[in-house]
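Colleague: For reference, TrEMBL lists these features for the protein:
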| type | residues | note |
| --- | --- | --- |
| BINDING | A:8-15, A:33-37, A:55-58, A:115-118, A:144-146 | GTP binding site |
| BINDING | A:Asn19, A:Ala20 | Mg(2+) 2 binding site |
| BINDING | A:Thr22 | Mg(2+) 1 binding site |
| DOMAIN | A:1-164 | domain 'FeoB-type G' |
| TRANSMEM | A:281-299 | transmembrane segment |
| TRANSMEM | A:340-364 | transmembrane segment |
| TRANSMEM | A:384-406 | transmembrane segment |
| TRANSMEM | A:418-444 | transmembrane segment |
| TRANSMEM | A:450-471 | transmembrane segment |
| TRANSMEM | A:513-540 | transmembrane segment |
| TRANSMEM | A:560-582 | transmembrane segment |
| TRANSMEM | A:589-613 | transmembrane segment |
| TRANSMEM | A:633-657 | transmembrane segment |
Amino acid sequence: MAVIALTGQPNVGKSSVFNALTKLRQHVGNWPGKTVEKKEGVFTLPDGRQVSLIDLPGTYSLTSHTIEEIVTRDFVLENKPDAIINVVDASNLERNLYLTTEILELGRPVVVVLNMMDLAGQKGYRIDLQALAGALGLPVVPVVATRKTGLEELYKLIEQSIDGKNQNRGNFHFSPPVEELIRKITARLQGYYFHNYPYRWLAIKLLEDDPQARELVAATVSAADLTALQEEAGQLPDRATRLAEERYRWINGVLDSAVRRERLGELSPSDRVDLVLTSRWLGVPILLAILAGAFSLIFKLSPPLENLIGNGFAWLSRLLESSLGPVLPGWPVHLLTDGVLAGVGTAMSFVPLIFITFTVFGLLEDVGYFARAAFVMDRLLGPLGLPGKSFISLLMGYGCNVPAIMAARTADNSRDRLLTIMVTPLTICSARQVVAVALIGAFFQPRVAPWVMLGLYLLGFVLISLVSIILKTTVLKTEKNPFFIELPMYRWPNWSNIVTYAWHKTKSYFRRAATYIAVVSALLWILANFPGGSINHSILGVLGQWMQPLGHPFGFDWRLIVALMAGFAAKETTLATLGVLYHANEANIGAVLTASIPFASGLSFFVFSMFYIPCLVTTLTIRNESGSWKWTLFSVVYTLLLAALLSLAAYHLALALA
Amino acid sequence: MPASPRKCIDNPQKSWPRRILGLLFQTDSCRCGEGNAGPGKECSCTCNKNHLCATREWMVEQSSAGVPDGLTLNTLPAGGKARIEQLYLPPALKKRLLSMGLTGGTEIAVINKEGGRMIIAVRDSRLGLSPEMAARITCKPA
Ligand SMILES: Nc1nc2c(ncn2[C@@H]2O[C@H](COP(=O)(O)OP(=O)(O)OP(=O)(O)O)[C@@H](O)[C@H]2O)c(=O)[nH]1
């Protein structure tokens, strides 16, 4: 099957082109071991041939400074796709063609898709397509991806490229002195083998001081050639700037011959909206109002659907019990109903929440608001070491950590995304809020209860900033760079894109989390019920008793340890387990806990249960989203240690004060 | 440290409350390093002996940042236009901004400027810049 790579700068409509071509025949995952989304799809050409389409991450350029850039260029260099479709935003051609000049250097046939032709028209741009194609030296096809116009022409060009009939490699070139230098460096490199990489590309990257290219060349060529290469490159002062300027100079030449554009600095309608939405006084209140609206919509729409799913599973559970009960002994039936079905039911009840969340957030992203939210929030979050966009995940986390971690995808780069994923479990989700309310009710006077709750939120906030500052200065080390962000023009939402996006998010959650959930829930049920059928004497119970010495410094007896272990399945299970172990029901659990657990132990347990390891579904979501078991383990271990530390302090402080 | 250097940037060391107070109480007309300064005009604000701008939330830019005295983007008012000269940034970041179109000689226009943050028009697109970022980009009158 022929392979086509889809490239483009961020926000040019790449996903729209991808969806228009592949429809629903697509698979969304991660690049192996990376927090970068990978989309693959298949489509059929008019002549019946199947084509595999790989959507590469949106990047502004192809130097090796971000994981997205490395993924994009490594894919092209190593897999040598039959053609590259370079999607450019026709209403923002000058900057978009910068990436085109870099793509041409990769040595594959390129087709330029001029997307957003409608917006270019609205902005008053007049594009002479023939002149543009001539000046670029590349086939150009005008498209409005959201309306699926221009696809026939695109199919034709793809067919030609696959058949080797697209021999155009573009007209881009640097100035004669730079070209001469590139020729010299290329000649020197030609004596060596660099994984089949194009020599000219490598020479240009060396001149641009690309870290990966520098390393590769240094590890391959002789010492004498390395010195000669350094001398040659040294002939060009401030090389990276010079090369970038020359790329733009060529682009301007192309545009002068083919496009008529607006005057710089004229206020567009989008700019006028920004005067309000990013304003110093209104920006944050508007952001809060929009998010409050979004969250209330999400948390209003999903519970009825969650109940529906819950009832469905309860019905299925009863059906299984009544039909299998008479023919099978009790435990396999309970394993199936109380273990597997209950676990899968819990996981499934997140499905409406996830779908609705991503529809609402997809909408905010699609219209271009998220970039503004990050711009407005960066001022406040920056000092806490958090990227502006993580605000959305953190706020969402107070509802549920699962979609919050998935929402970290809106981060600008994979490091910020990973950082957000790592700190999100420190937000107190609604399940933990239920536990918190019950425990605070049991261990504190009613008049201080609200203050304890407030203190809990504040503690969470402090921990989030502390952990992110520590991560940013250690394992996720990044230079503290001054902030900037591209603010794309506001656009009307494209519902089919938004729903496709939400659907893929839901599907990927469903497929991966739900499969693990079945196994792990069955295992947890067995641990909690075997042998003997009650948690007190079960493996979990015995494990708890065996671990009692570990709980001693925190003031935990074995029952509290068992409740914490059970809470891993779902945080609200902590309460139910305490109920079983202390022989309490929903009505009297507060009084029973007050009477059975000393205050210091209760406080310590409260703190521990709020911050220890994320629940099972969250943990699996972290695995999905980070694409790494290592980071998943890291989040489990660090939250466990943090909770232990806090609860140790709380226990001894309470003892000392008492 | 000279008594009145003109270039001041947001003080990264300043405490949280002061940051918030700065956001609330600084007005564009008295902001050190930008204030009433238009392209080519000098900053009207002075810095006190503690190396802080008189408004207290801004500090004198350290020479290590390497930005020479002259016009920087953060001194432009809303509606102002200028041409980019140099970016005084770490290599990776500099290349990112170069690829986004902030190369030498490029004309930019300030679309909006509030509380030190600015939105600029550059090559058909809009970039949001923090005051710290804008202070590291030198420019000359368009
Ligand atoms: N008017 C118009 N809008 C479009 C067109 N193509 C895409 N859009 C809109 O442009 C926005 C960005 O489109 P996406 O397809 O998400 O762009 P992308 O390049 O995949 O974006 P990233 O994934 O963020 O890099 C969305 O709001 C789309 O609905 C088009 O041809 N015309």
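Glycine is treated like the rest: Cβ placed from N, Cα and C.
Unlike curated entries, TrEMBL annotations are predicted automatically.
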Colleague: Where, among A:384-406, A:450-471, A:560-582, A:633-657, do we find the most CB pairs under 8 A to the transmembrane segment (A:281-299)?
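Modeller: By Cβ pairs under 8 Å, A:384-406 leads among A:384-406, A:450-471, A:560-582, A:633-657.
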Colleague: Output: those binding-site residues from A:Asn19, A:Ala20, A:Thr22, A:Glu37, A:Pro57 whose CB lies less than 6 Å from an atom of ligand 1, in sequence order; none if no residue fits.
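Modeller: Cβ under 6 Å from ligand 1: none.
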Colleague: Cβ neighbours within 10 Å, counted over all protein chains: which one of the binding-site residues A:Ala20, A:Met116, A:Val144 has the most?
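Modeller: The residue with the densest Cβ neighbourhood is A:Met116.
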Colleague: Which one of these binding-site residues has the most other Cβ atoms within 10 Å of its own Cβ: A:Gly8, A:Pro57?
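Modeller: Going through A:Gly8, A:Pro57 one by one, the largest Cβ count within 10 Å is at A:Gly8.
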Colleague: What kind of secondary structure is A:Gly8 (GTP binding site) part of, going by DSSP in three states?
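Modeller: In three-state terms, A:Gly8 (GTP binding site) counts as strand.
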Colleague: Which one, A:340-364, A:450-471, A:560-582, A:589-613, has the most C-beta pairs under 8 Å toward the transmembrane segment (A:384-406)?
Modeller: A:340-364
Colleague: List only the single closest residue to A:Val144 (GTP binding site), chosen from the binding-site residues A:Asn19, A:Ala20, A:Thr22 by CA-CA distance.
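Modeller: Smallest Cα separation from A:Val144 (GTP binding site) among A:Asn19, A:Ala20, A:Thr22: A:Ala20.
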Colleague: Using a 10 Å cut-off, grab the number of neighbouring Cβ atoms around the Cβ of A:Glu37 (GTP binding site), all chains included.
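Modeller: Counting Cβ neighbours of A:Glu37 (GTP binding site) within 10 Å gives 20.
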Colleague: Taking the Cβ of A:Thr22 (Mg(2+) 1 binding site) as the centre, how many other Cβ atoms fall within a 10 Å radius?
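Modeller: Total other Cβ atoms inside 10 Å, all chains included: 21.
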Colleague: In sequence order, which same-chain residues at least six apart have a C-beta under 8 angstroms from A:Asn11 (GTP binding site)?
Modeller: A:Gly58, A:Asp89, A:Gly368, A:Glu486, A:Pro488
Colleague: Need one number: mean pLDDT over the domain 'FeoB-type G' (A:1-164).
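Modeller: In the predicted model, the domain 'FeoB-type G' (A:1-164) has a mean pLDDT of 89.
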